[in-house]
Amino acid sequence: MSTIEIVSTVAEYTEIHSPVSSKFLLPSARDSSSSISLFSAIFWFWSWLFFKIMNIFLYYIPNIIVNLFSVNFQITLSLSSIVITLTGIISFCFLIVRYKYLTRYSKTTKSTDKPKSSNKNIDLVGSIKKNKRGDSKSTSNYLDEFLSAIKVFGYLERPVFHELTRNMTTQKLSSEEILYLDEKLGFSIVVEGTIQVYTKVNSVNSSTTSNSDDNELNFEKDDLLTIGDQCYQLLNEVKSGSPLSSLMSTLDLFKPVDPDTMSNRLFSPFELDSNPASNPLSPDNTGSKSFDPLSSGNFNDTSLSSSDRNYPNIVARPKPIEDSNNLNTATIAIIPYSAFQKVQSKYPKATSHIVTMVITRLYKITMNTIHSYLGLTREIIRSEIQLNESEGAKDSLPSYLYDGVIEKFYGDKNNETLLNKTAESPSVSINKTSSSSSSLPKKSTTSLRPLNRNQSSRYVVLDSRSKSTHPGDLLSSVPLSRRSDYYQTHTTIQPDPEEVRSQSRTKMTSPVLPKRQISSNGGPTLKGHSSSTTKFENIRDRTFSDEREETEETSLRIAIIENIFKILGINEVSNMIGSMSDLNSRSSSVNSSVVGLPSLMNNGNESKYPNGIFDFNTGKVRYDSISSFPTSLNKGANNNLKFYDTVNQSQLKDMDHENDKSSQVDINNLMFKRKSIPIQSFESNFYDVKNEFSKHLNIKYFGPNTTLVEQESFNSGLYYVIDGTLDVFYKPASKESENLTPMNKKKLYTVKSGGLAGYLSSIIGVRSLVSISTPGDKGVIVAHIPKNEFSKLLDKFYFLQLPVASKLKSLLSSQILTIDYALEWCHIPAGDVLCSQGDLANGFHIVLSGRFRVVRYNNNKSSEVNPDDNTDIHDYNNNLIDESLSYKSRKKKDDITILGEYGHGETIGEVEVLTASRRTNSLIAVRDSETARIPRTLFEMLSLRNPSIMVKVSRIVANKMAKKDNIGIPSTISSNVPLIVTNTDSHISNDYKTITILPTVSGLPVRDFADKLVSALKNIGRNVIALDQASTLTHLGRHAFDERLAQLKLSGYFAYLEEEYQTIVYVCDTPLKSNWTSTCISQGDCILLLADADDDDVATNIGEYERLLMKLKTTARTDLCLIHADKYVEPGSTSVWLKNRIWVQGHHHIQMEIARDNSVQQGQKTSIIKNIAAKISSRTNTNIKSRLENVKTKAILSLNKFNNRLSRRTHSYKTVQAHKNDFLRLARILSNESVGLVLGGGGSRGISHVGVVMALEKHGIPIDLIGGTSIGSFVGGLYAKDYNIVSIYGRAKRFAKRVSSWWRMVLDLTYPVTSYITGYEFNRGIWKIFGSSEIEDFWIRYFCNSTNITNSTMDIHESGFSWRFIRASMSLAGLLPPITYGGSMLLDGGYLDNLPVMEMKKKGAKYIIAVDVGSVDDRTPMNYGDTLSGFWVLFNRWNPFSRHPNVPNMMDIQLRLAYVASVNALELAKKTPGVIYLRPPIDDYATLDFAKFDEIYHVGMAYADNLLTRWEQTGKIPPIAGMIDRSRIRNGEERKSLYRRSSI
């Protein structure tokens, strides 16, 4: 069909059907001859289609609508139908809003996973398995073991180290060899294997031990060694890398064979014990008369058999090994005697360093152990008694100097008694800068002349010259010496050897001491020698410019110093010999000095007797070791090739009991043929030493009943008694004697004129073990050298340290020296294991420095990777348990449980030693630590001879058990108190010794934070010091962190600070790659990680310092300190910080201003809303902006006025209070001085908690930890969230009003299948208060408890959304449904513990304020028979005359049954030490009386306020740290409170 035909057809159709007039029709088709284009046809078609559509929309549709509205219809509905329809529509809308929109908070605050628990087990398993102490390494060699043992010498310079190791030799011991260890030959170190050291016991003990096998107190058979008929007791086992010789023996190795001091050595103080019956040496002993540090000493009787004398005092052998495949051989390395002599000749200052280490070890290890643990303090004090009984202590001052001192202090001697009665001041001092004493009575007007070296004359200027009563006195014009035997000291003495030996025999047989010389000889004159051998000095050779020209005052001071030197063992001649020989020696170190130590002793004479050693006392060469044994024993031993002689143990059975005397060669003639050494060059140098000491001498007078030194004081000094006496008292350190009167002190001895007090405290550095005071009837004149000045002088004149230390060793008893030898100084690096679970208990440890964490394996079958269904994943102590038909919880425990930590001064492992069992736990070093190890064998040997030691240790163990009970840790499973299983760890002490402040990123105010923390620690009474890199470098030098061997020096300095201070704060103020940064991390017991709470970049990422912290793999506790500019925490912001930081165990919110620079601000994310607000404000008209600001200001002022009005109405506190300082709170937590607040449950009665908290704030009691149950968790959460009492009052009242609304409760009712109400209104009421805040966001550390009825445990909640867990803690069974969390159902925590005091104690709170508002059960006795009728019960309730009106119903019985565990927990809480228990009088209020908010609040407020006021007036409130500035009390100022009470 053509196009023209189609158009014609369409036109016809339109014409017929369309009602529109013809003028709208399409034009008719033209003839076929007309030409119409295709374009025109299409155009007309689309035009027609358009008009057609318009016709439909404009005509047809409106026509249909009009017709529809014109139709009439009628609907008829009843009223009930209308009501039902409307009700359905409204209910549908309500349900949508109720469950879709109003519960959105529950979905947004629902935790899918359980909250992250602090991961404290990081790398602990690997540490226990890989870093066990004592395990041998495959790559270890002799050098490694030697370097490990050489650490006992402390800091050694490289030349000194090479000099000691240059002549080092080794000796290997076979399994059957027994070694005689003579410490005079050299210093021995075990480099391979384990060596058992035995000490000789007397015949009586050995026979008793062998015959009394049934006696449990005797030694074990494995600990005994029999050589012939002599018995030896095992003293210690020395492993590879440990020294075999005693460190005290180095003092003898440094000393030369000095003939001039031989007579003094013949009579050693420890050889003449205070008890003559305990002298171990007999005059006819052919062995060495010098005391061996390992001799039996006080342990043995004086009557030794002839066979005993031929046996050595100390032997050693390799430890037998049960494995037959391994040979029990051992290798020792020996540093010979000559090496030490060369070191002290070439490097005298390095020698003084080693001597310092000897004294340090004696103080840290031996003295601390003997005094604090073994209870043998009297053995230590006895050495000071012997010091004052020695010859030097009996030399007094020259008479003319003594009379001058008496005259200057007392005036006329007849008025001395009058002075004692009328002295106004207890102390009158005459020092080098004072010219007179204003405190003296008016009768005494004489004054000492000041010390002035420029005005000194050749004559001793006496005060008597100025008196008119002595005209022309010849004495005033004669040059005087302060020593009457002056010329005797300037000689070279050559004693006769026979005379020396005869005097030796006389002194050894006679207990009477030689008569003391009247003169005060500061030089080394030999007692007992006549002056016939004296070569007098020509006085004409002296000039007027001689150094000995002095005034009377300087003469007095020098004379006192000479007497003190004589008592201390400082010998002028021995130092002179060392100085002169040192001038001839080749010095290769800058530490060498002209005034040096003694050099080599024998000028090459030792080659004359190479196979023996020279005995100091006999003057003979003694062929050492087992040469006194029968010669048959030495046939198989090639002794010429060994440093120490040995004997074959297998040949001991054939031993002859004949006694062969030791081969000795008399070399007295050789030793005493020394040439005279000129002394003039040394005299002036040694005079300078005495002159320097005299400058720090203070001459003082103390009146009667004056205490010079308190017991346990640190800074005392030396007191030389010039006139009078000093009484020395000792008070046992026990809890019973803390509050004793001075009458309970026991007087030990009296220091007479010429004696010395304060010796041990000054020489060793130990705290004063005694108290020193003057008698009650007379004063005393003393010369005092302060302890710090004395230490500085010894460091300056370091060559004096060796004679002082040697004198100290000579005073120590044999028992102390034996203990010193057996004690082991253990160094445990961070992360290493001190002892592992299951090891044999071979000793116990005393923590000297550092910290140890106690861990225990929970699953012994840890090797099983995939246990089957029958595997016991619980720990049932290997009991037979059949769980085939019971439900098994597949919840596995952690591999390791942390039980606690041990810090400075605590003891470890004594229980296992006493019970002879294996280690029950493993101990891991938190940081580099040191311990003193007491071997089991030494403890048993001491306990047999000193039963008081066993009593002392038993008391220590009992006190530790009692302490565990006090902090709520049951010691036994069979306790009468039911155990409540919780999901928290055991108690860990927070008393940290060292605290490290480490930033997350650079730019944080670490220094300011440290200053405020140190100030807070001082305010709570801690002795604290802050260490940064600058202060450490100042003390140790600028290369303190660069040298390899300097780490020993650094660790020694840190160990000293730990002894001196209670807390050390390490401030990490250096760049990331600094050595000081790594040092701070490794030294911290607790690491405070500083972070800016507003820095979102660091919150989501990890700072550079944190990466270093993870790289070093420290196991110390790490706490995150979030610094806020304001006291506000954005909800949910804290969990962002803690989410990915598994190495953080805790966190603190601290308010502190941070000066942020532009770079830091640019790195922080800004809020989008703040950006939009900034843009709008920038484009806003300035007038509108200013008006808005005015409105904002007025609103803030109005809000402040409202708050002030509310504060006055509710007796509120001042806005800023000092006791609520965040740094004080942090200081108390770190010092184990924190205060906890525990609020109990009780429904509406808990409103009284608000009043109690108000009273606590009013009285300025700080709160550091908060915990609660039920309503107590609600009020405690409000207080912990803002730490503001105003917000607590308003929000608590708002919640009470909502809960007391009956129509809300009615609308929340449901079908009582699980509970009466759905809990919606209750949940929403709590959420309205807390919002989306999490427990981590609370300003104060907080926890609440709940009862997990799924696992039958009490859960402690410390993280997560706060409203959810507070709701769980308030879920009363039957009324509210349980809260589901992690698959478990949680109910009210009051069912198990309504007052969680034990949990607060586990958090480390020292004082706990517990507020109990629980209901009181009816305790009326019931006796209604064996059967009970319900009608009878109902009748008795309505009968006023009934005897049984209170028979409980079913609900009462169920409630009492539910709270059985809580009642017992409450009784235990009341008995817990440190608990302040409060119970307001709220028994008349019901559980749901929330409508009586104001009434209950005022009851609690009035009760707590009156009670605390009464306790304050009577002084019953405990000394809470932070309420009083204790730093002022320590400085002697008056008590000052840190808070100001608000007026009512």
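Glycine is treated like the rest: Cβ placed from N, Cα and C.
In Swiss-Prot, the annotation motif 'GXSXG' applies to 1268-1272, one of the ranges 323-327, 933-937, 1018-1022, 1268-1272. Checked against Swiss-Prot, the range among 113-118, 773-778, 1241-1246 recorded as motif 'GXGXXG' is 1241-1246. Between the CA atoms of ASN715 (nucleoside 3',5'-cyclic phosphate 1 binding site) and SER1270 (active site, nucleophile) there is a gap of 54 Å, rounded to the nearest whole number.
In the three-state DSSP assignment, the secondary structure recorded for LEU800 (nucleoside 3',5'-cyclic phosphate 1 binding site) is helix. For SER1270 (active site, nucleophile), the nearest neighbour among the binding-site residues ASN698, PRO732, VAL766, ALA783, LEU800, judged by Cα separation, is PRO732.
In the predicted model, residues of the topological domain 'Lumenal' (59-76) average a pLDDT of 86. Only residues 6 or more beyond the boundaries of the topological domain 'Lumenal' (59-76), in the same chain, are considered here, and none has a CB under 8 A from a CB of the stretch. Mapped onto three states, the DSSP output places TYR749 (nucleoside 3',5'-cyclic phosphate 1 binding site) in strand. When DSSP labels each residue, the topological domain 'Lumenal' (59-76) comes out as 11 helix, 0 strand, 7 coil, counted as helix, strand and coil in that order. Ranking the recorded positions ASN698, ASN715, SER1270 by how many other Cβ atoms lie within 10 angstroms of each Cβ puts ASN715 at the bottom. Comparing the binding-site residues VAL766, ALA783, LEU800 on other C-beta atoms within 10 angstroms of each C-beta gives the minimum for VAL766. Each of the binding-site residues PRO732, TYR749 was assessed for Cβ neighbours inside 10 Å, and the highest tally belongs to TYR749.
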